[in-house]
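Shown next, in structure tokens, is the structure this report addresses.
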Amino acid sequence: MLLNIENKSEPVHSFALFQLGFRPFFLAASLYSIVAIVLWTLSYSFQWHPGAILQFGNHFLWHGHEMVFGYGVAVAGGFLLTASMNWTGVQTIRFTPLALLFSLWLLARILPWIDSIPLIIPATLDLLFLLALTIAITHPLYKARQWDQVRIFTSKFLTIFISNLIFYLGVFKVIDGGERIGLYGGIYLIIALLLTLGRRVFPFFIEKGVGVELTLKNSKFLDISSLALFLLFALSDIFLPQLWVSGLLAAALVVVHGLRFVNWYTNLIWNKPLLWVLMVGYGWIILGFLFKALSAFGVISPLIALHAFTYGAIGIITMGMMARVILGHTGRSIFNPPKSLNIIFGLLLVGAVVRVLLPIILPEQFVTMVLISQLFWVASFTMFLWNYAAMLIQPRTDGRPG
């Protein structure tokens with residue numbers, strides 16, 4: 001559960017960015033989320049369409065791809081490079097190997113903006129990054145013979161790789177409609193990762209973090225049914241033309257995850273920002289399923305459901321997990337986080353409400369709502385970096401490596 005591994009005999013470096021996997025990927029993901037949303041704002045709201053974006057087919061596809069396979073994968077990778085070491089006691093990559101892995105991700109983001117470089121080159125680097133990341137995450141699990149973990153995370157990251165490959169093959173006109181298949185595949189796989197990790201750590205964090213004796217209820221039936229239903233939902237939503245199938249499965253997932261949410265919920269979370277942010281993010285996953293069910297029957301736009309999953313769930317949960325991991329793995333107390341976290345998380349939550357809920361009520365103001373939500377995202381992540389960037393670059397406060 002992200003326990004600290006100590007090696008007091010190892011020298012501590014003053015520049016700690018490549019000491020452990022979460023450091024470069026959390027820093028770069030947060031920075032890139034700001035840059036990518038600013039570029040998206042210029043493209044969507046102010047009709048700026050440079051060649052780097054148009055290489056992806058259109059600005060919608062570029063935006064979706066970079067937020068999922070750029071931002072989302074970077075956060076997931078940074079988290080699991082840290083978690084896999086803590087679950088196994090086996091050191092994950094660091095220093096030069098970590099810098100090389102990070103360089104693959106970074107080049108895949110930068111090279112499309114160089115006009116003389118065709119998209120096939122950054123696309124290849126992007127795919128190589130996912131393969132290398134999969135190996136880096138699962139290697140310690142393999143050495144520790146944690147076969148269930150190897151199976152879970154190898155399958156998920158290889159499927160993310162396949163989704164990204166299909167997306168690029170769609171962009172290159174090899175697979176008709178590959179862009180949508182790959183993009184939705186990537187979104188649902190990141191949601192699957194959040195649900196998998198959430199099942200492991202959310203109740204644990206809440207039980208240990210509220211300051212009183214508390215045992216939360218878990219259900220084997222909910223564990224199995226949520227997994228099976230989500231797999232069927234994702235496959236049907238991506239591949240079946242009959243929208244009512246995915247709509248009914250989404251409705252069933254609202255019930256299943258609603259029951260789990262009730263089992264985990266306690267009013268004691270609300271004075272603990274590192275706890276309430278996770279449960280609020282989980283609530284957005286449930287809202288995503290609800291809106292997906294409604295959109296399948298023509299009640300609301302499918303874009304509402306899409307952004308409940310992405311802006312609401314992925315945005316809020318990933319920021320919450322980064323905030324917690326950075327504190328715990330730089331020698332700081334997770335029980336005494338920065339006082340500004342309520343504001344930082346609150347800005348992102350308000351942005352999600354503006355992007356997802358207000359367009360339902362005020363559809364004629366859709367474009368304005370999108371612009372306002374973009375500003376809230378940028379403000380939230382800017383404040384997040386103001387508080388956390390130095391922690392990611394500097395050594396641990398307790399003098400230990402990591």
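Cβ from N, Cα, C; glycine included.
Keep in mind that TrEMBL annotations are predicted by a computer and have not been checked by a curator.
Per TrEMBL, the feature transmembrane segment maps to 20-42 (among others). For the transmembrane segment (20-42), same-chain residues at least 6 beyond its ends with a Cβ under 8 Å from one of its own Cβ atoms are 48, 53, 59, 63, 66-67, 70-71, 74-75, 77-82, 85, 92-94, 98-99, 102, 105-106, 109, 136, 318, 322, 325-326, 329, 371, 374-375, 377-378, 381-382, 384-385, 388-389, 392-393, 402.
Beyond the transmembrane segment (62-83), the same-chain residues lying 6 or more positions past its ends with a Cβ under 8 Å from any Cβ of the stretch are 2, 20-26, 28-29, 32-33, 36, 40, 43-44, 52-56, 92-93, 98, 105, 108-109, 126, 130, 133, 136-137, 153, 160, 164, 167, 183, 186-187, 190, 193, 197, 310, 314, 318, 321-322, 325, 329. According to TrEMBL, the transmembrane segment annotation covers 62-83 (among others).
The feature transmembrane segment is assigned by TrEMBL to 95-114 (among others).
According to TrEMBL, the feature transmembrane segment maps to 120-142 (among others). Residues of the same chain lying 6 or more positions beyond the ends of the transmembrane segment (120-142) and with a Cβ under 8 Å from any Cβ of it are 21, 69, 73, 77, 80-81, 84-85, 87-88, 90-93, 97, 101, 104-105, 107-112, 149-150, 153-154, 157-158, 160-161, 164-165, 168, 171-172.
Under the heading transmembrane segment, TrEMBL lists 154-175 (among others). Here the transmembrane segment (154-175) has long-range neighbours at 55-57, 61, 65, 69, 73, 119-120, 123, 126-127, 130-131, 133-134, 137-138, 181-183, 185-186, 189-190, 192-193, 196, meaning same-chain residues at least 6 beyond its ends whose C-beta is under 8 angstroms from one of its own.
The annotation transmembrane segment is assigned in TrEMBL to 181-198 (among others).
Sequence annotations record features per position, and here TrEMBL assigns transmembrane segment to 219-236 (among others).
A Cβ distance under 8 Å defines the sequence-distant neighbours of the transmembrane segment (242-262), meaning residues of its chain 6+ beyond its ends; these are 219, 222, 225-226, 229-230, 232-233, 236, 279, 282-283, 285-286, 289-290, 292-297. Per TrEMBL, transmembrane segment is recorded for 242-262 (among others).
Taking Cβ pairs closer than 8 Å, the transmembrane segment (274-294) reaches residues 191, 194-195, 198, 202, 205-206, 209-210, 233, 237, 246-248, 250-251, 253-254, 257-258, 261, 264-265, 300, 302, 304-305, 308-309, 312-313, 315-317, 319-321, 323-324, 327, 334, 337, 341, 345, 349, 352, 356 in its own chain, all 6 or more past its ends. Look at TrEMBL and you will find 274-294 (among others) tagged as transmembrane segment.
Here TrEMBL flags 300-322 (among others) as transmembrane segment.
Taken from TrEMBL, the feature transmembrane segment applies to 343-362 (among others).
Same-chain residues lying 6+ beyond the ends of the transmembrane segment (374-393) with a Cβ under 8 Å from its Cβ atoms: 15-17, 22-24, 26-27, 30-31, 33-34, 37-38, 40-41, 45, 311, 315, 319, 322-323, 326-327, 330, 332, 338, 340-341, 343-345, 347-348, 350-351, 354. Per TrEMBL, the feature transmembrane segment maps to 374-393 (among others).
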At a C-beta cut-off of under 8 Å, are there same-chain residues at least 6 beyond the transmembrane segment (181-198) that contact it? List them, or none. 61, 64-65, 68-69, 72-73, 76, 79, 83, 152, 156, 159-160, 162-170, 175, 226, 230, 234, 237-239, 278, 281-282, 285, 288, 306, 309-310, 313-314, 317-318, 321
